[in-house]
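Annotated features, as they stand in Swiss-Prot:
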type     : residues : note
MOD_RES  : S2       : N-acetylserine
MOD_RES  : T27      : phosphothreonine
CROSSLNK : K45      : ubiquitin cross-link
CROSSLNK : K203     : ubiquitin cross-link
Amino acid sequence: MSDTEAPVEVQEDFEVVEEFTPVVLATPIPEEVQQAQTEIKLFNKWSFEEVEVKDASLVDYVQVRQPIFVAHTAGRYANKRFRKAQCPIIERLTNSLMMNGRNNGKKLKAVRIIKHTLDIINVLTDQNPIQVVVDAITNTGPREDTTRVGGGGAARRQAVDVSPLRRVNQAIALLTIGAREAAFRNIKTIAETLAEELINAAKGSSTSYAIKKKDELERVAKSNR
């Protein structure tokens with residue numbers, strides 16, 4: 001194109017788009033529905049809202065104030081002393097199921113067992129299973145234990161008070177040991193035996209393995225005061 005030629009004007013027809021106006025529903029969404037959509041529930045079933053720790057000394061060590069969807073937070077609770085008190089209590093119970101040698105590291109299997117256990121508890125008791133678990137742990141933590149004092153031939157047993165964190169640790173261990181032993185060579189699954197153990201412990205029944213062990217520890221401590 002030479003310098004004398006004028007540039008050709010190109011006319012384009014642009015379609016005018018009307019401004020979008022959002023549609024407003026005539027009936028607003030109820031607050032209950034909005035809360036249900038935003039609330040975090042364990043396995044999308046069980047709410048943490050009304051769960052209560054009835055023992056004042058264990059409130060800071062039974063973690064139910066941080067809701068979770070699944071019992072696996074991948075947290076590094078072992079890096080610092082006492083940090084495991086911040087671990088959700090359902091996850092601590094799940095981790096305790098992996099303590100037997102052949103179950104080490106099988107977290108997905110343990111999570112499935114806990115999910116099935118909570119369903120069984122809800123069917124049998126018609127209660128929030130998280131509350132049943134918290135009550136069971138509260139009832140099975142021994143308040144008194146014994147320790148060795150002295151050395152050599154003069155060693156003896158001395159009764160001592162148990163710290164809140166150790167009470168929770170022992171309660172979780174006793175509950176899972178009782179469920180594991182009950183499921184061994186039994187037609188019942190470990191989810192069923194764990195559900196029975198938790199329900200009996202929450203009631204304070206002497207049929208619970210954990211309750212019997214707790215009473216035995218406290219009885220021995222009482223005789224060594």
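Note: Cβ is positioned from N, Cα and C throughout, glycine not excepted.
Sequence-distant neighbours of K203 (ubiquitin cross-link) (same chain, 6+ residues apart, CB-CB distance under 8 A): none. Other Cβ atoms within 10 Å of the Cβ of K45 (ubiquitin cross-link), summed over all protein chains shown, number 13.
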